[in-house]
Structures are given as structure tokens and as C-alpha cells.
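Visitor: To start, I am sharing the structure in question, which I have written as C-alpha cells.
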Amino acid sequence: MLYPTRFDVIVVGGGHAGTEAALAAARAGANTLLLTHNLDTLGAMSCNPSIGGIGKGHLVREVDALGGAMAAATDEAGIQFRILNASKGPAVRATRAQADRVLYKQAIRTRLENQPNLTIFAEACDDLIVEGDKVCGAVTQLGIRFMAEAVVLTAGTFLNGKIHVGLENYTGGRMGDPPSVSLASRLKELKLPQGRLKTGTPPRLDGKTIDFSVMEEQHSDDPLPVFSFLGNAAQHPKQLPCWITETNERTHDIIRSGLDRSPMYTGVIEGVGPRYCPSIEDKIHRFADKNQHNVFLEPEGLTTHEIYPNGVSTSLPFDIQLALVRSIRGMENCHILRPGYAIEYDFYDPRGLKDTLETKAIHGLFFAGQINGTTGYEEAAAQGLLAGINAVRYVRGQSGWCPKRNEAYLGVLVDDLITRGVSDPYRMFTSRAEYRLSLREDNADLRLTEQGRELGLVDDVRWTAFCQKRDAIAAEQERLKSTWVNPKITPADDCIRVLGKAIDHEYNLFELLRRPEVTYTSLLTLPGAGEAQTDPLVVEQLEISAKYQGYIDRQAEEVAKSSSYENTVLPSELDYSSVAGLSNEVRQKLAQHKPQTIGQASRIQGITPAAISLLLIHLKRHNLSQAA
């Protein structure tokens, strides 16, 4: 059957990538269809009940700055909020929240159901309609044909998913959900470059059978952080603690005794797992010198006793899982509600994507999330938003949009994926961003909201709040720079009280704020300093911009130097065999990767500075240079 309505954009999958993609496309005004196999799992947190963390929290704030849903949903569902790296510099501080799974899904579904231009249909997608090298629609299990100009595929771990518990395995997209086999077969026919990856999850525990009194208790920060730039702590539900315990030598002996039945260590699992989120059996093997590993017991929600034991992801046989759990302090009588498991799934080499996340091989087909080799809700959400807005721009015949590496962690994420590919599931860290001093959580809105408004992603409420904040920062910064403190007028006692010492010549307030020991609040107590700003977000930006100005200015100079590379386009039809002086290895890599700019080419492994110089000479000699 051909569905009577033709859509602009179809989004396949209702996870974190799919929901952000559908919301972004619809916000931008496109008639959008979201296909999901189950309405009840829209926005489901398939693994850990948390959002954010180092690098990941930065992505969440960027999604929020562009009008996305993840941060706001977390504010409504978060049952514990903490700032990680709070004692370190602002570039690496990150928000992390435990979320009530049910409340989070409700928050996402409410936004989906109330989003204009968005239609939801509950049917698994079994096929894509492709004519020549262009996608034209999608076909469901029942054979219903939905037509569209663009399709965003966010299949998560469902493509040929296989679940492993010990040496037992069965097909599944996640525990309790069927895999997507027909769609996986169809994608193989399209000759897209693919591979297999693996991820895992720990057993879920019954909190009624755990002795929390012998564990370290961990509470929310005070005052409570918020994730969304429009959020406030009053939105948060009741806050719950987490608990910390640890494995021991007995635990490790139990794990070692089960390795002969581990799918990872017997070669049953072929997919590569996440390097930075290893299973407990992998930790014991890789870090044999450690006699204990922390286990964080995280509540799954306000209305359940279910506990997520962060740190013991495993695919060991169930009898070993039960024994290892019961060997841990406070968990001697613990009941497992659900076993831990590993899941293998198909992914597609992201080097086959443009920076818009459109596939190079099939026009109008976009990939986002774990299908691109990433791991994590936050990475998926960021890709989903980007793919959603670019699908709309593709339909409208507009140029694609992707922030650069110096503009957003989203830009770092995409650039890493499409230039370097993945050998194991990709996770975001602040260390991946060379311009991280400028890419902070606190200024994500100042970096991206104006672009989001131009793209049609930012509504009037967010735009008004942003403009008020932006203008207040600019006005107060200008006032500080034009308000002077003169030692002949300001009493020395006041200078010593605020600055720690007297001053010997005139300074403006902004110059004084650059001093590490001086706070904005104390500075404004100087006679004649004027009325202080009361908005803490404005004050935060004033202090950071003053104290880190020198570093930020130097980073801006580095960006300016590299911008010529980033803005020089490599024609898609360029024949690298015609570029004089390139080695055969370099030619093969460039032909395989098809970088869009000189900047992307420079980050491909094995591409030397000399090769980049030869490319630039070739472009200039043949009048092929053009700006991005």
C-alpha cells in the first residue's frame, strides 16, 4: 500500500538520534514522519540511566543551544545532578545527571506528540525505496510505502543485532526487542561499507536485596545544576543518592573462572567493543595489577527499586554473573532482576558520509547514531539533530551545515568520524577537542544559538532569552572596560580588601577582573564600581572572558592560521592520480576517503604536510581552489 501523504523527511528509529532528528526536521518546518517499531520505547535509555559527563555534557548543551530536547528532558527527569571536574578549569567541567527512565521517556514523547509538522507511525522499517542513487522512501513490515525526499536512518544496535549471555546467544535489537534483519539485508545490497561492533550492559539489581549502609553515599550537588539554558532547578523531581562499592580479589577470581565461557574470550563475539567503557571481564584481564574496581549503584527511577550497577557490564554466563555480584560488599544477598549481556550489531563506516551525515553513495540518505560507529546517548542525539536539519536543507536545495572543529564538539565529533573512521565505538572526550578552552559547556548558547536561529531550529522563547543574556554580557563587559579605578580617588584600604594589595596606577574594572583572586562580586564593592549584574549566568561569562582572555585570544590566532585549510574545498571529482608528487599510498587514501576540504585531508592518517602542500599547488595551478 502507498501511504497517501508524501513527506519531506522520514526518520527511521525512535532512540536518542531519531527523536532529535525528527524534532529538528519538524522544527525547521519540514513535513516529517518518525517511524518507530514501538511507541512505548521512544526515547528509551537502553543502557545506563544517565545523561552527560566529560565531553558528553558538552554535546548535550550544544544540542540544547540548537533547540534540541535532551537537556530539557533531563531537567524534568533527573534524580541526581552533579558537576564533574568542578575544581578544574571551566573548559573541562561537565554536567552529569541520573535520570528516571520513565520520566525521561515521558518528557521526550510529550515533545514529539506536541511538535507541529511531525507525524509518528508505529511500524518497523523493513526496506528503503531507492531509485538509482537516490532514496525515495521507506517500506514497513506490513508493506506500507511512505515516500519522501530524504530519509534519516537511526537504527541503533538493531541492524542484525545478536545478544550474548555466556555462550548462549539469540537475535535481538536490545533485550526484549526484535532485531532489524530485513533492513540490514537491504543495506548490504546498497554496497555501503560496513562492519560489526559490540557493546554491553550490566545486570540490573533489586535494590531491596542490597545493603546500602555499608557503602559510600553520593548526593546531588548543592545548589542543584541544570542542563538546559532555559531550565531551572525547580523542574527537577525528587533527588536520590547513588552508592559506591567495589569489587575485590574474590570477585576477580570468579570472573577469571568464567572466561572459558565468555563470548568475548572464546571468539564467539566478532564485533569490537568500546575502548573506554570496557566490560568487567575486560577490566580484570587488561588491568590485572588492580585488586579492586569501583562499582557505582545508580537508581533507575523514583517508582522502582531497580538498580544499575555502573562498572560491571558483562556478558558472562548467568551463574558467574550471580556469583560475582554476590561477592561484592553490600550485595551478598542481591537478586538480579535482569542479566547483563553483550550485543553485536552492524555499523557503517562513517568515512562514507559527508559532513552533513548524508551518505556519499545514496543521495538523500542520512545516517545518525550508533549506525555510524559511535556509543552513547549524547553522541547519538547530537548526530540526530545534525542529520535532521541537513535532511531538510537537502530537500530544499540548500547547502548543508556542520559546525567546524573550533565551533562545537559536534564539529569535532563529525570531523573525527568522517576523516578517521572508527576501529571501536567512538566516545566523546574533552581531550579530542584541540580548541576546548573555547568550547565550554557554559558558552554553548553563545557559540551556536544564533546559527540555530538562522537554521530554523530555535523558537521565539529561546531566542528572546538568549538575546537578553547575550546583550547583558556585552553591555556589562563594555561598562567594566570603561569604568576606572584611580589610586588617587579609591581608598587604599578598599583596594587591599578587594585586590589583596594597593594599586599604583589607574586600571579599568575589566583589567582588575582578570586577576585570579578577584571575583566579580567583590570587585563591584569598590567605591564607584556601579551596580552589579545579578544574573549568575551573565556573571559567569564575564569572569571567564576576563580571566581566560589571553588564552582564548591565542587560540583564536591558531584558528585563524588553520582556517585557510578548513575553508579550501577539494572538488569531489578531483582525480588524485593527476596530482604530481603524491605517493601511491596517499593517492589511495585520498581516493578512498574523498575529503571535502584540505583541512579534512590533513587529518587523515598517513597524509603528510608535504602531501597537503602538493594538493594546494595542484589546486592553484589548475584554478580549482574555492572557499567552503
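Each residue's number is its place along the chain shown, starting with 1.
Note that Cβ sites are derived from N, Cα and C of the backbone, with glycine treated the same way.
Swiss-Prot lists these features:
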- GLY13, GLY14, GLY15, HIS16, ALA17, GLY18: FAD binding site (BINDING)
- 273-287: NAD(+) binding site (BINDING)
Visitor: What is the set of residues, excluding GLY13, GLY14, GLY15, HIS16, ALA17, GLY18, whose C-beta falls within 8 angstroms of the centroid of the C-beta atoms at the FAD site?
Guide: VAL11, THR19, GLU20, ALA21, THR36, GLY43, THR154, GLY156, ALA368, GLY369, ALA380, GLY384
Visitor: Where GLY273 (NAD(+) binding site) and ALA17 (FAD binding site) are concerned, what is their Cα separation in Å, rounded?
Guide: 20
Visitor: Please work out which residue of ARG275, LYS283 has the most C-beta neighbours within 10 angstroms of its C-beta, and give that one of the binding-site residues.
Guide: LYS283
Visitor: Return only the integer: C-alpha distance in Å from HIS285 (NAD(+) binding site) to GLY13 (FAD binding site).
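Guide: Checking the Cα atoms of HIS285 (NAD(+) binding site) and GLY13 (FAD binding site) gives a distance of 36 Å.
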Visitor: For each of the binding-site residues (ALA17, CYS277), count the other CB atoms lying within 10 A of its CB, then report the residue with the highest count.
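Guide: Per the Cβ count, the most surrounded site is ALA17.
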Visitor: Could you tell me the C-alpha distance between LYS283 (NAD(+) binding site) and HIS16 (FAD binding site) in angstrom, no decimals?
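Guide: Spelling it out, the Cα of LYS283 (NAD(+) binding site) and the Cα of HIS16 (FAD binding site) are 28 Å apart.
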Visitor: So of HIS16, HIS285, which of the binding-site residues has the fewest other Cβ atoms within 10 Å around its own Cβ?
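Guide: So among HIS16, HIS285, the binding-site residues given, the one with the fewest Cβ atoms within 10 Å is HIS285.
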Visitor: Give me the non-local Cβ neighbours of PHE287 (NAD(+) binding site): same chain, 6+ apart in sequence, Cβ-Cβ under 8 Å, ordered along the sequence.
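Guide: Non-local contacts for PHE287 (NAD(+) binding site): HIS293.
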Visitor: Helix, strand or coil by DSSP: which one applies to GLU281 (NAD(+) binding site)?
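Guide: DSSP call for GLU281 (NAD(+) binding site): helix.
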Visitor: Counting only residues 6+ apart in the same chain, whose Cβ is under 8 Å from the Cβ of GLY14 (FAD binding site)?
Guide: LEU34, THR36, HIS37, ASN38, LEU39, THR41, LEU42, GLY43
Visitor: What does DSSP say about HIS16 (FAD binding site): helix, strand or coil?
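Guide: In the DSSP reduction, HIS16 (FAD binding site) maps to helix.
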Visitor: I'd like to know which of these binding-site residues, GLY18, GLY273, SER279, GLU281, is least surrounded, judged by other CB atoms within 10 A.
Guide: GLY273
